[in-house]
Amino acid sequence: MPYQVIIPAAGQGKRMGAGKNKLLLTLEGVPILIHTLRVFEADAECSGIILAINPSDEQQFKSLLKEYDIHKLSSLVTGGKERQDSVYNGLMAVHSLDGIVLVHDAARPFIRIETIHNLVEAASKEGGSIVAVPVKDTIKKAANGRVAETVERSSLWSVQTPQAFRASVLLEAHNKAMREQFVGTDESSLVERIPHPVSIIEGDYDNIKLTTPEDLYFAEAILRKRKESGV
Ligand code: CTP
Ligand code: MG
């Protein structure tokens, strides 16, 4: 099932504290941005990549795309103030509103093609689907430094990207959010407000978002593990 993917890459990487967009940091000599793009470049089902970038990164990103032979880029769009704005700008470049569109953080380089395919299949049936993993920690609600409640863990999921939707559904969700000045931390939260059902595809714990400096140690370990096991 073919799909297009919007990749928001227009952040500043403030929590990484690298003094530049964290996506330019390298893992085994290759920029994080390229690790992520290579997954979609290699997936025959992916018909096009829409990349949202910060204009100040444009020259550097363009030369990396050339250097690493990334050919599937169908649009380069300007990112916005919030991640949601960057995704919206990407959505404006989607070819067909009948098709499936994925949104995937550039900062998650370890997504597996198998998970992407499971997600796309679910989204094509139901209109909306997200990748998530069961929460491992015990989660408590608190107020004023005191425990208010222990939340039943079996119903909790830690949500990742990619998230996949029929493009028309995602556009409707964004338009409603814009009208109502709602800002969410993921696409699903916008789609849920339509309301439109969103199903969950279980992914894996490797699909981390590289956010703070210690995540780079985990990333090196994941790459090493994959090299050793050959998958
Ligand atoms: N992103 C984006 N546009 C924004 C903010 C974020 O395209 N205005 C992208 C980032 O480049 C990243 C993804 O959204 O690939 C997830 O965001 P996050 O991990 O928060 O990255 P940053 O915003 O760059 O980091 P920070 O919040 O620490 O500044
Ligand atoms: Mg951010």
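The backbone N, Cα and C atoms fix where each Cβ goes, and this holds for glycine too.
Note that the structure is predicted; figures quoted are calculated from it, not measured.
For reference, TrEMBL has these:
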| type | residues | note |
| --- | --- | --- |
| SITE | Arg15 | site 'Transition state stabilizer' |
| SITE | Lys22 | site 'Transition state stabilizer' |
| SITE | Arg153 | site 'Positions MEP for the nucleophilic attack' |
| SITE | Lys209 | site 'Positions MEP for the nucleophilic attack' |
Lys209 (site 'Positions MEP for the nucleophilic attack') CB neighbourhood, other CB atoms within 10 A: 14
Integer Å distance between the CA atoms belonging to Lys22 (site 'Transition state stabilizer') and Arg15 (site 'Transition state stabilizer'): 9
Protein Cβ atoms within 10 Å of Arg15 (site 'Transition state stabilizer'), excluding its own: 13
Integer Å distance between the CA atoms belonging to Lys22 (site 'Transition state stabilizer') and Lys209 (site 'Positions MEP for the nucleophilic attack'): 11
Entries of Arg15, Arg153, Lys209 (recorded sites) sitting next to ligand 1, with Cβ under 6 Å as the cut-off: Arg15, Lys209
Recorded sites listed as Lys22, Arg153, least Cβ neighbours within 10 Å: Arg153
Rounded distance in angstrom between the Cα atoms of Lys22 (site 'Transition state stabilizer') and Arg153 (site 'Positions MEP for the nucleophilic attack'): 32
